[in-house]
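What follows is a set of notes on a single structure, which appears directly below.
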Ligand code: IFM
């Protein structure tokens, strides 16, 4: 047997029920259509069993809508000589689970002694096909070591799947006969139909007894056979899913698709699946020599982004927790555009295009939100799902006392999200040169968002300037603040760039400019107004000190010595309480530094240093937001603070693998995964773009021997190879090989 390659495989050597939810997240597999958490086939109490399929949202109280956990394809009950295979009983003699990031194959080898003393070797494998995204497969090899007896397998599709107790599915029909089964079901409110068709095959040297149990909402296939000590049987379960989002007849599609698969299907599906994965990694792999932990953590992050990335669907996006857990209910935040999207923009622009198209298709939801709030244009929701309407819950149970409810204001006043979408559009446009997308989709978003900002700005008569009151910036420890620098700067940036875009259109594509003028009733006077607002937006910058005040009155808040609170294992918000943290200067994430990262032209070196020095010791790096550390790492790189950069980077890299915040069980921190890629490529690799194209100023951590990464610029793939000759050495740059 081949040992798992530590540069590519995440491996677990013991069964740890206490960390079950965490490892279920880590061992998630997927293919951009659906993802399945790393639960065991046989099922255990307190597991968080889930398969999520992009776009299958259904209504739910309080959080409005959530991704519905779909009927489970993994379920497999194994009876060994009459005893249930279950790790809670008997004794686990050997356990190893491994996820191969090269190809998304999840394997588990278990030697198990049953309560009666029978020892069996069970070898499980599963994958969600990247070449045939509707199809998932698992197989198990069972070898009794010290006994001969019967093996009985029950393989069903369970229509009773729920979201931690909440049921989304209503039964439409089912059948189980002749070696296969199907289940047809529908979400209760959104009325999305789903069909699953499954087949079970078994290779054995003895006779096989076949049965089908047509249990309501749980069709099941049963096989029985005899086994002698040392002999093996192989079982394969193949499941095909279609929904009414894919086709108007999902049941026909699923049954036909299954019927067309060879029996058994594994070998013929494995090869194209593996080839597709090879192609994926060819465009985006990152190699780090000299730091095995960073190496595997980076590949793990990229794998998580890849398995969540919609390849065939431009009406869905990646939620904050990808498709890997119940956290945030599948809702989409700015995490996608600012943290995850750059990875796709620079390695797989077609996926970035799909993700941006999701925002285009949901423009009407954003228009509705703006209108409902008394503004013009489009105000994108802080949390988004199927329609682009706001789905942030207004109240949620308090994290420390679940009998109390907490008002969530982000959906009302965390408004920078709309600018973030425009920012991501611009980044995509620059990197790809995809004029067509901007002409036919991006421009409309831009103009409508600019309109929103112009109508949201408030004129301050006393100071003759525009201001934005009552907002929340990226640092959510502070709400209801005025003139958050990040928000104001991005309102100005959007308006300025919308004007530039408009004049580019009128110069180069006057017919399209005219179409927008007509469709959106865009008049020269309105553009003039945008110009006026943009010029007069207040930006809280002190030229004397070079400091940006995060929001009005921030410097007057209580200063807290965070060092004095160490060691700690919880966030500042849980130590001081929501109101208490609001009164301090402690940040959940580095608001001003994020601004400086995204708009580097805003601050000169002196000012960047001043802001870094001021805000860094006031940020809750470990237990605040998982979005912060990667950005903090990039800013440290820019200031030449390699050691600090590495510390922040590893904080991001470990977010899920080491469950730093104790909540990885809720799903992968997708923004952190995307931030890890940015920290490597834009931070240590020093890739940056300007009007002349791309440049590299590498700043590798001293112990990294080499960094290699790929990116795509204007349709050309590049491989950057940076051997490390020490910090900032000119040789490091001269020696770097760039190949096409
Ligand atoms: O979008 C983030 C936000 O910036 C901080 N709280 C969690 C959200 C989802 O990850």
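Backbone N, Cα and C atoms are what each Cβ position is placed from, and that goes for glycine too.
Annotation comment: TrEMBL describes 12-245 as domain 'Glycoside hydrolase family 65 N-terminal'.
Under the heading domain 'Glycoside hydrolase family 65 central catalytic', TrEMBL lists 299-678.
In the structure as shown, the Cβ atom of residue 588 (substrate binding site) sits within 10 Å of 22 other Cβ atoms. Per TrEMBL, the feature substrate binding site maps to 334, 335, 588, 589.
Secondary structure at residue 476 (active site, proton donor), taken from DSSP and collapsed to helix, strand or coil, is coil. For 476, the entry in TrEMBL reads active site, proton donor.
TrEMBL lists 695-721 with the feature domain 'Glycoside hydrolase family 65 C-terminal'. Helix, strand and coil counts from DSSP across the domain 'Glycoside hydrolase family 65 C-terminal' (695-721) read 0 helix, 16 strand, 11 coil.
Residue 588 (substrate binding site) and residue 476 (active site, proton donor) have their C-alpha atoms 6 Å apart, to the nearest angstrom. Residue 476 (active site, proton donor) is 13 Å away from residue 334 (substrate binding site) when you measure Cα to Cα. Cβ neighbours of residue 335 (substrate binding site) (same chain, under 8 Å, six or more residues apart in sequence): 320, 627, 670, 671, 674.
Cα of residue 589 (substrate binding site) to Cα of residue 476 (active site, proton donor): a distance of 8 Å. Note: the substrate site is recorded as 334, 335, 588, 589; in the same chain, 333, 474, 476, 625, 627, 628, 671 also have Cβ atoms within 8 Å of that site's Cβ centroid.
A helical conformation is recorded for residue 334 (substrate binding site) in the three-state DSSP classification. Summarising the environment of residue 334 (substrate binding site), the number of other Cβ atoms within 10 Å of its Cβ, over all protein chains shown, is 25. Take 334, 335, 588, 589, the residues named in the record as contacts for substrate: the widest Cα to Cα gap among them comes to 16 Å. Within 10 Å of the C-beta of residue 476 (active site, proton donor) we count 21 further C-beta atoms, all protein chains included.
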